[in-house]
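Pulled from TrEMBL:
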- C934-C961: disulfide bond (DISULFID)
- 31-177: domain 'F5/8 type C' (DOMAIN)
- 183-362: domain 'Laminin G' (DOMAIN)
- 368-547: domain 'Laminin G' (DOMAIN)
- 549-586: domain 'EGF-like' (DOMAIN)
- 585-637: domain 'Fibrinogen C-terminal' (DOMAIN)
- 796-961: domain 'Laminin G' (DOMAIN)
- 962-1000: domain 'EGF-like' (DOMAIN)
- 1018-1205: domain 'Laminin G' (DOMAIN)
- 1207-1229: region 'Disordered' (REGION)
- 1280-1312: region 'Disordered' (REGION)
- 1-27: signal peptide (SIGNAL)
- 1244-1269: transmembrane segment (TRANSMEM)
Amino acid sequence: MDLWTKRVAGIIARVVLLLSCSYGTTGEEVCDSPLVSNLLPSSFRSSSQLSSSHAPGFAKLNRRDGAGGWSPLVSDRYQWLEVDLGERTKITAVATQGRYGSSDWLTYYLLMFSDTGHNWKQYRQEDSIGSFPGNSNADSVVQHKLQQPAIARFLRLIPLDWNPSGRIGLRLETYGCPYTSDVVSFDGGSSSGLVFRSPVSRRTSRDVVTLKFKTLRNSGTLLRAEGRDGLGFSLELEKGKLLLLKQGRTSASEPRRLASLGSLLDDQHWHHVAVERRSSHLNLTVDKHTERVQIPAEFSHWDVEQLSVGAVQGFSSQKSLVSKRNFQGCLENLLYNGHNLIELARNNDHQVTVVGNVTFSCAEPVSVAVTFTGPQSFLQLPGATASSSGGVSLGFQFRTWNKAGLLLTFDLPQQGGVVWLYLSEARLRLQIHKGGRALLELTAGAALNDGQWHSVEMNSKRGRLTVAVDKEEGGSAQASPLFPVAIESHLFFGGRPAEDTSHECRNPFNVFQGCMRLLTLENQNMDLIMVQQKQLGNYSNLQIDMCGIIDRCSPSRCEHGGRCSQSWTVFHCNCSDSGYSGATCHSSVYEQSCEAYKHNGNTSGHFYIDVDGSGPIKPQLVYCNMTEENTWMVMQHNNTELTRVRPSPGVKQHLVHFDYSSREEQLSVAISQSEHCEQELSYHCRKSRLLNTPEGSPFSWWLGGPGSGRIQTYWGGAHPGSQQCSCGLQGDCVDPQHYCNCDADRMEWTEDSGLLTHKESLPVRSLVLGDVQRPGSEAAYRVGPLRCRGDKNFWNAAFFDKETSYLHFPTFHGELSADISFLFKTTASSGVFLENLGIKDFIRIELSSSTQVLFSFDVGNGPLEVLVESRDPLNDNRWHRVRAERNIKEASLRLDDLPVATQEAPTDGHFHLQLNSQLFIGGTASRQKGFRGCIRSLQLNGVTLDLEERAKITPGVQPGCPGHCSSYGSLCQNQGRCVERTNGFHCDCSLSAYTGVFCQTEVSASFKPGSSVSYTFKEPYELSRNSSALPSSIYSDMTLRGENVSLSFRTNQSPALLLYVSSYYREHLALLVNKNDKLEVRYKLDSSREAEVLRSKVRSLANGQLHTVTIRRLSDSVSVQIDQNAKEDFNLTSDGEFNAIKSLVLGRVHESGDLDPDLARLASLGFAGCLSVVQFNTISPLKAALLHPDTSPVVISGPLVQSNCGSAGSANPYAEENTHHLSDQSGSVGSGQPLVNAIRTDSALIGGVIAVVIFVIVTGLAITARFLYRRKDTYRNQEVKGVKQDDSPDFPFNNQADSQNLSTENPKEYFI
């Protein structure tokens, strides 16, 4: 065959290959042609070969040539096989086979790709898997399809493991298709690039720019898009990251960063970039990661007029915005809106101008790097080329994420010392050691663990030693040692051999993990390829001709704003101040509702609520009101006060907008998850109409609901769309012709108010008030805070009564991170709570035994289990909480309040959880090991599964699960009784002296000498009645064989009567503090005998501190305990019966005729101080007087003020009393003018001045009154012998009213 015929045949073969590779039968591109089988033997290279018949050229799939494949001389991890495909090719798959007829095959290997035969890049499948499974015998073929095609000319395969009974043996094939591209390179000159001017007729609202680039510089201007007046965007490299910047109209305006993407982009490998501009946003893509960026408003009508690639100063109105360097490197396939700009430039098209030194090829400098991977890594180079001057001159570049590590060391044999050059705290340090001590130390540079290339130069000449970092930009240090520093033997980079164990040579520093390049000694480059070929120096555990650095923080795996940091092998998330926890800041540290906080035992206060758990919505601060039976979540806005309307001249309508402390998405989810929400809406008017009539156009309306809200034409208390007010619905408007009071248009003040409860219309966003401009019109409005109660998710439960019953839901998607939380209760000893399967992957949580919960899963690295064991049985039919989390760093499991159990994930391995079956709850797909019991509040990644709805249509599963007191009953304190509810429980405090949601709030009162509370027991004639009109807690047996008495008090008065109980038979019980500040209990259980006095030994009870007293009597045995002191026991001599008790008195006793003179005189003085939580058997007289005075048999005389003086939090006796007033904050409105609470006007300054003046006047009056009261009290006390009063002017139990309206509990702010 002649030459011409060969050429024609070759051309035809290429055409056939191109056509066969282009498209398949469906029209989609097919790229799976074999690439290796037709290559010449010269296209193969290897690290070594066992013999000529084992040469790399025989390593073709299914061939039997030579020895049947390639085998190296030595089987170790330093061997490699390289294939040159001749040109850049798209590679889609790789197949391997063992050596024919042998026991030689690979079991694991690495793939490397390169365009030049240098600067190799390891290929990683998704999930950062670097290794590929190989063969299990010599003949079968194992093929791996690359998840992302590789584009390269050279392929290198590195064996990691092989058949232990044989050696390395390999045949291979790669599959793919030809790759074509247009390339341009820029030399980084001051004016070098391309300029494209966009045709006016082709401007659109959508622009797309795509390109690939490669560079060795970490900074440089890549691309600029400019519009009219210089407004535009730019793409710039800065420290290996790609920045998207907004370019201002003038050169003086500072650029604004809009996005930052990518990392380590200066690695001399191709990186894909795409920028897509739509009407309101930009999509920036770097390699596989995309970020959506909102376009500034000034770009709404912006068009690209000029696109500049590279640094083209002559054609750009702006200088480089961030980078001080011009881009130096190569670009490929630069497309703008379908225009191939490189092709246009090469063809001299008029739309593209070429400026400066631009070439249409990619000339790449060869830079051989070396990677130090771990503790055994080192590089040894000879120092024989050192100059004869006795000095040293060496340099290198490094990059790393580690703060510490040995960079370089060499011996000083003449001095008997060692030079150490190392990193410590991310700074460069040089030490010279001799005899175990440092003779010299230098420090330079800072923050050298940023992953960037840093240059190091070390010079020792003429008695002067200098160390410089980044050519002195990063700092330098110098010294003048008394001895010469010269390299006389070997240099060791990164470490020393393990066998080098002499004391001075042992590495005292951390090992270096990172990359090095451009190693020079005496200005001569060290040839690392010769090192790789064993022709120079020595090495161990190195990757030569590649830099294996990985940025594990780009993109960041830290969620919810967690800050990512990293070392060479791992990354760490700093979750502080984020509101989330875990290895990746995935799980919220806050509860999802006030209801959940309540069931943790919290009381009213401010709490952070995370409505979607681990979802994207941030936590919000709300007030949780737990003082009522229902738990309310209160979300404030900027004006919840009654506010007078101040119309503006010439404006017909008055518009008011309300800004909420919570964000839009927080409000929306909080409302949807609540069982009930409400918001007060009121309008106070005088000659100011509101809604007109249902048939007419409304004068006023409000906007409510999601976003900016929708127009609503009904008022508080009415139905949506009715155009009525509450009085219209009830039929009691002041004018029957109208449906709102204000629509009567009268001169008297009236109001329309009520609650908005339609959740779809909440919250109120704004008010539009129309009839406020007429002469004589006056109005005021109030929009209260948004209040929601009931967490639908918290009580969502299902009961599984059979092991074969289960619920199923769609597949759970938690590829990178997954958190699962739920509560369960059961009497069974085992069962699967949850299971979801994939082809190989799975996730499961189960009760593996009566004391163990097991969390197991597999993401492709093999099953991993996390186990938590409880000391107590879990099948106790009480609620237990399970929280499991799995992310790419670790898996964790928490059970109730037990310590968290964790298992670390592999550093390099699969981390995508790929599931494809249904999610099973309460059972498994095999219907084995099912769970019997209740599961409640099941949440996956913050989303609650509606178990109840699914249970309604599933046999064997019942919606809901009653019986909560067994788990939460312990929250009811102080004899509070737990009462079951359908969703939750309630604490009944009727038999307790306490109140509050958990019967935990002290009922306390401040007493003055004239204060008295008298509680009357049943009259004698009532014994025969069967009356149930009053609560059972106010009844008692008439004759007592014993009693339990408890109270807390605080006073400075002695003697002082604390409690007095009388009977119809002139018997009594008195509890008092005597003149010696000790407690006395006086029992008179026989009217014919004197009272028996029981004196405690505890001293100083009238010291103004809070003391708690408990007295228990059974017949004639009495025990007394004060505070935490030891219990004191007494015996009575009387018969032990307290007959026909009559009344119990706190404070001053008005009827003291039956008392002995001393007790009568003390009883008439009254009590000055604080009494709290008073209980006599089942009677709580102080609570009845303060909270139920109208339904309890109590008589109150004198001043009595409810206070928190009995709380441990107010232990300071001289602190101002925190008094609670229960009143309507909005005032009462009748026919007169409304009482506006702090009406908001624009005259804030005047209001402030008035408030200050009022405060000064009130303070002066209070001081005067206190002074006069003290004078009067002192005079009176001087006449009473034996009574001691505190002379302090700050006696704490004065009836001082707090200036604020407070709830019955002190608000507390919790940061959970």
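Every residue, even glycine, has its Cβ placed from backbone N, Cα and C.
These figures come from a predicted structure and were not determined experimentally.
Per-class residue totals from DSSP over the domain 'F5/8 type C' (31-177), listed helix then strand then coil: 12 helix, 69 strand, 66 coil. When the stretches 31-177, 368-547, 796-961, 962-1000, 1018-1205 are ranked by Cβ pairs under 8 Å to the domain 'Fibrinogen C-terminal' (585-637), first place goes to 796-961.
The DSSP breakdown of the domain 'EGF-like' (962-1000), given as helix, strand and coil counts, is 7 helix, 11 strand, 21 coil.
Residue counts for the domain 'Fibrinogen C-terminal' (585-637) under DSSP, helix first, then strand, then coil, are 5 helix, 18 strand, 30 coil. Within the model, the domain 'F5/8 type C' (31-177) shows a mean pLDDT value of 94, rounded to a whole number.
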